[in-house]
Each structure stands twice: as structure tokens, then as C-alpha cells.
Ligand code: RB5
């Protein structure tokens, strides 16, 4: 079972809850939910950092993080060495973030992406492997 970490601030809380149910329904994933667990205001950098550290430490293989726009929490997650967090608003972005960038975290904006589109984005992101090949050296250059 692949381990996935989820984390959100208040702006991403509702979408996190929706996506958590979708992933549970897919089967094959163990979910580690770091919160937040309400719409009460919290600071997205803390949640982005915790999710990122969960991935780089190997406690989860990949992560999905949420804030209002997906921007702040992805910026925070990308400060952690080894993280390639991609804030995606389309299925093509999600697919390419895996194929070319080997993104290990997907970021979604709860105030940007409608739940049905988010569901499609998550599914394609989970299912798409890294292409490797010429993209290996570019990803290595990021590190
Ligand atoms: C919180 O109001 C909001 O700033 C946050 O969810 C996110 O959109 C930041 O990028």
C-alpha cells in the first residue's frame, strides 16, 4: 500500500476532506492526515512543512496538500529539500508534474479547483509514473 500524507489549512480543509474520501474509495492507499480538522484559521506554512517533512523522511511516499489557492502551502513545502510540490489546476498539469518533474507533492487550491475537477486531477496524479530518461538529470539539477 502506498502511503500518502494529506495536509491543509482552513482554506483547503473542505477539499481535503472530500479528496480523502475519494482516495479511501480508490483503495490501495494508506492515508496519513495531518489536519487541519476544521475551518478555523491556521497558518499554511506549518502544514506545508509538516507534509513535506513526512515525505522526505519516508513516512509517506507522496503527499497532497491544500490551501485556499494552493500557492502558499506549495511554496512552503518546496522549501524542504527533496520536495517537488506542484500546484495544479488542470489534469494536464497534474500528468506532466509526474511525467516530467517527478512531483512528490500535489497542491490544490480549495477556493480555485472545483471538487469534481480536483477528483480528476488527483486520480491522474496518483496514476501517472515519472518518465525518467532525459528528465532524470533535470530533476537532479533541481536538487
Ligand atoms: C488563507 O486565507 C489563505 O491565504 C491560504 O489558504 C492560501 O490561499 C495561501 O496561499
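Cβ coordinates come from backbone N, Cα and C, glycine included.
If you check TrEMBL, you get these features:
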- 9, 10, 68, 69, 70, 71, 72, 101, 111, 134, 138: D-ribulose 5-phosphate binding site (BINDING)
- 67: active site, proton acceptor (ACT_SITE)
- 100: active site, proton donor (ACT_SITE)
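The two recorded residues, residue 67 (active site, proton acceptor) and residue 9 (D-ribulose 5-phosphate binding site), show a Cα separation of 5 Å.
Checking the recorded positions 9, 67, 100 against ligand 1 with a 6 Å cutoff on the Cβ atom leaves 9, 67, in sequence order. Remark: residue 138 (D-ribulose 5-phosphate binding site) has 100 as non-local neighbours, by Cβ distance under 8 Å and separation of at least 6 in sequence. Just so you know, the Cβ of residue 67 (active site, proton acceptor) picks up 33 other Cβ atoms within 10 Å once every protein chain is counted. Per the record's binding annotation for D-ribulose 5-phosphate, residues 9, 10, 68, 69, 70, 71, 72, 101, 111, 134, 138 show a top Cα-Cα distance of 39 Å. Reduced to three states, the DSSP call for residue 138 (D-ribulose 5-phosphate binding site) is helix.
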